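Working notes, beginning with the structure itself.
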């Protein structure tokens, strides 16, 4: 078998701690800049490639269904709203002050997808057993080719770098189980999901299929209707409160925690508090008045919420 190129071999090795710490320092220092200044964090293409290569190996070493323990903080969609990601860490504590699980959709729509994903990958490498990232439906080439990440990579670097991110995203895990009681994913449950071993056995790297279990985990939505229904997104299904209750009872769990939908208060319960949606990008896309939220789960599995309020609408003349 042909040897892998030396450059790729080199990148897969653990990053020098000093290099990693310097990347994190530059990314976090951004919080001292004036909001709306348009300033970007400068990372080299080589540094970003190494973040992708090293984190990808960690994702593949860890299971596709992460088994985690409380206490832990859970964050929903970020969508390139980098200043808001830093605000979440200011509220919850910068790693390793707290354990974190992010539910996907790091890129697209916002202005700083690159800073957002680079800081998250850097923390994953620095704290692999305390910091966890799931895959969202936007961590997919067919989606982020359209909704902004491809254009940001091309404008700031090149298309090659976007392809390297695609390879990394194809290795992200798709679900997490907290203390055997709380199941977390980006989208929701699937009519095909009969056993958690189905998630454990999904081979990676993989692209997100157009239908089936993985597609549903990343795309499905709760609905006021009963049973399984057609999803307005044109992908996957909707599921009623009856399906949530049925799933939790069958698997002896208490709660499903997911993201994927903008909710006004940053979090919203469904199915008599058996499912919660967490969305962490306030003033989403500058078009919504929503708050963002982070869910904290303590050792006794009590859930509480920290809220990022939407900013006041500023008059353009002030």
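Cβ from N, Cα, C; glycine included.
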Same Mn(2+) 2 site per Swiss-Prot - residue from 251, 260 joining 105, 137, 186: 260
Where residue 77 (Mn(2+) 1 binding site) sits in the secondary structure, as DSSP reduces it to three classes: strand
In sequence order, the recorded positions (137, 138, 186) whose C-alpha falls within 10 A of residue 79 (Mn(2+) 1 binding site): 138
Integer Cα-Cα distance in angstrom, residue 260 (Mn(2+) 2 binding site) to residue 77 (Mn(2+) 1 binding site): 7
Separation of alpha carbons, residue 77 (Mn(2+) 1 binding site) and residue 138 (active site, proton donor) (Å): 10
